[in-house]
Amino acid sequence: MSKVAIYPGTFDPITNGHVDLVDRALNIFDRIVVAVSTAYGKKTLFDLDTRELMIKEVFKDNDRVKVVSFEGLLVDTAVKHGACAIVRGLRAVSDFDYEFQMSSMNNKLNSDIQTIFLTPSEKFSCISSTLVRAVAIHNYQRVGEFVPECVFDRIELKYSKD
C-alpha cells in the first residue's frame, strides 16, 4: 500500500518554496496530493481554477503528484484521496502557533491522519505567496526568481496590462 500525503494551501500563487516542499515530501511519501483551497474570506490574485491549472502545469511531468481543488474540511478531503498525513511547511516560529492549532483541530476531527511539519530549504525560507503578491504589485518583473516560470507568465499577463 502506498503512503499518500496531502499538502493543502491557497497557493496564490504557488512559489518555488511550495514546489521544494512537495519535492522533499516525496522523499517520505509515495504520492502527494496538492489540495488547492477555495480561500474563504481571502481576496485572491488568481481564481481557484487558475491556481489549480498553474499547479498542474508545474507538476505535469511528475506522476507522483496529483492536484485537486477542495472546499470544506481538509481531513475529509484527505480521506477521500487516501492520505494518511497532512504536510505543512513551517518557515518561522511565527508559523508554528497557527499550524499547531490547525494540527490539533484536524487531529480531533480525524485522529488517523497525522500532520507532518517540514521546514523549508534555506534558500526558500523567506518566500511566501503573500510577499510575492506584494512585490508583484510594485514590480512584477522582480518575482521571477520566486515562482515557477509558468506562474511568472501568469503574473506577467496580469500586471503588464496595468
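A Cβ is built for glycine as well, from the same backbone N, Cα and C atoms used for every other residue.
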According to Swiss-Prot, which candidate in Lys42, Lys43, Lys108 joins Thr10, Leu74, Arg88 at the substrate site: Lys42
Spatial separation of Lys42 (substrate binding site) from Leu90 (ATP binding site) - C-alpha basis, Å: 21
Intrachain C-beta neighbours of Lys42 (substrate binding site), sequence separation six or more, cut-off 8 angstroms: Thr10, Asp12
Assigned conformation of Arg88 (substrate binding site) - DSSP reduced to three states: strand
Residue pair Arg88 (substrate binding site), Glu99 (ATP binding site) - Cα distance, angstrom, rounded: 8
Cα separation, Glu99 (ATP binding site) to Leu74 (substrate binding site) (Å, whole number): 13
